[in-house]
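Asks: Pasting in a structure now, in structure tokens, and then I'll have a few things to ask.
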Amino acid sequence: MGASLSRLSGWPLLTDPATPLHIRRIMSADTINLTADPNRVPQPAVTGDKPPLEILLCAPRGFCAGVVRAIDVVERALAIYGAPVYVRHEIVHNKYVVETLKRKGAVFVRELDEVPDSGAPVIFSAHGVAKTVPQNADARGLTTIDATCPLVTKVHREAEIHHKRGRHVLLVGHSGHPEVVGTMGQLPKGSITLVEDIEQIDALNPPSDQALAWVTQTTLSIDDTKHIVEALKAKFPAIHGPHKDDICYATTNRQEAVKEVAPRVDALIVVGSSNSSNSQRLREVAERAGCPITRLVLRAEEIDWDAFKDVRRLGLTAGASAPEVLVEEIIDAFAARFDVTVDQVSVTVEDMSFPLPRELRSEAAE
């Protein structure tokens, strides 16, 4: 996969409110208004000569199509039903996005028993849910809207098909992640086994006549998953896999961009929340690519400036649930302390989009 380099001019971006933003990669920004933060505190400028800093901006970065769709679902539901709209778990793993939607009237709950019988809809997050969740909602007569990413739904369907064909399913993923909980909850207990690492494969000892299949969480490390799948195939040569890789296009593209940038820079920052699996994987990819300083931060206020005082080339990316406004905030903070130039390193161009759930489409068209 070839990379292209382009110079982005006009920094610092946000020190002057009248300055137009030069990066506009926020998908669906018109609905969630993530291009501006009303509570933003301007970064104090450093007086005197500022040291030079080149920022290599990874592309693609930030919002994926599944995240855009999930946020659009909440926005559309608020427009149709009015506030409050209930959302089971974080709609996506980004605190900034969640707080923005809270201000608009979304109420985030852990479980359905926190949702009152008021007629307000409840939305299932982009990570997907176990089958028992919509079943319990239906039993209570709740109005539900499913914002599960279609690529996660694809994994659910694959697991179901394998189960119907008599295969025991091995799910490669991280224990406790909402997506893993949802995928395991598609099948009867005992029909699916979680595999987190190669060491666990050694302990697998299914009956010799048991057919097997594997599926994966969509936000894993590409390289780690490749090694685990190779080990599964080595131990179980007849194991069945998906026709197309379960790791989503956005996870793949963002990791490839980091692999391109990380060896070139003194430090790399991933913009994202600590509970975001794909953001954590980006940080790990940068470390493995040899980048000496890697940090996962959500906001500029979290930056440890002592760690970056001698950095002259900085890589910057964002997880699939992180809005571009937070990337711009980070650049703005560095521009207040350094003489910044920005080059964008692009490994591919994304044009993926997903339609809204059927129950919201007709309303959206009116």
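The backbone N, Cα and C atoms fix where each Cβ goes, glycine too.
The feature [4Fe-4S] cluster binding site is assigned by TrEMBL to C64, C149, C248. According to TrEMBL, the dimethylallyl diphosphate binding site annotation covers H93, H127, H177, S276, S277, N278, S321. Taken from TrEMBL, the feature isopentenyl diphosphate binding site applies to H93, H127, H177, S276, S277, N278, S321. Among the features that TrEMBL reports, (2E)-4-hydroxy-3-methylbut-2-enyl diphosphate binding site is placed at H93, H127, H177, T218, S276, S277, N278, S321. Annotation comment: TrEMBL describes E179 as active site, proton donor.
For each feature listed, report its degree of burial, its nearest neighbours and the pertinent distances within the displayed model.
Replies: Non-local contacts of C64 ([4Fe-4S] cluster binding site) by the CB criterion (under 8 A, 6+ apart in sequence, same chain) comprise C248, Y249, A250, A320, S321, E350, M352.
For N278 (dimethylallyl diphosphate binding site), the Cβ neighbour count at a 10 Å cut-off comes to 26, with all displayed protein chains included. Classification of N278 (dimethylallyl diphosphate binding site) by DSSP places it within a helix.
Counting only residues at least six positions away in the same chain, the Cβ atoms of H127, Q217, S277 sit under 8 Å from the Cβ of H177 (dimethylallyl diphosphate binding site).
Within 10 Å of the Cβ of S321 (dimethylallyl diphosphate binding site) there are 31 other Cβ atoms, across all protein chains. Under the three-state DSSP scheme, S321 (dimethylallyl diphosphate binding site) falls in the coil class.
In the three-state DSSP assignment, the secondary structure recorded for E179 (active site, proton donor) is helix. Residues near E179 (active site, proton donor) in space but far in sequence (CB under 8 A, at least 6 apart, same chain), listed by position: H127, G128, V152, G173, Q217, T218, T219, S277.
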Asks: Apart from H93, H127, H177, T218, S276, S277, N278, S321, which residues in this chain have a Cβ no more than 8 Å from the mean position of the Cβ atoms of those residues at the (2E)-4-hydroxy-3-methylbut-2-enyl diphosphate site?
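Replies: These residues sit around the (2E)-4-hydroxy-3-methylbut-2-enyl diphosphate site: V92, P178, E179, T219, N275, S279, G319, A320.
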Asks: I'd like the number of other C-beta atoms within 10 A of the C-beta of C248 ([4Fe-4S] cluster binding site), please.
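Replies: The answer is 25.
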Asks: Round to the nearest Å and give the CA-to-CA distance linking H93 (dimethylallyl diphosphate binding site) with C149 ([4Fe-4S] cluster binding site).
Replies: 13
Asks: Looking only at T218, S276, S277, which of these binding-site residues has the biggest number of Cβ atoms within 10 Å around its Cβ?
Replies: T218
Asks: Please report the Cα separation of N278 (dimethylallyl diphosphate binding site) and C149 ([4Fe-4S] cluster binding site) in Å, rounded to an integer.
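Replies: Counting only the Cα atoms, the answer is 14 Å.
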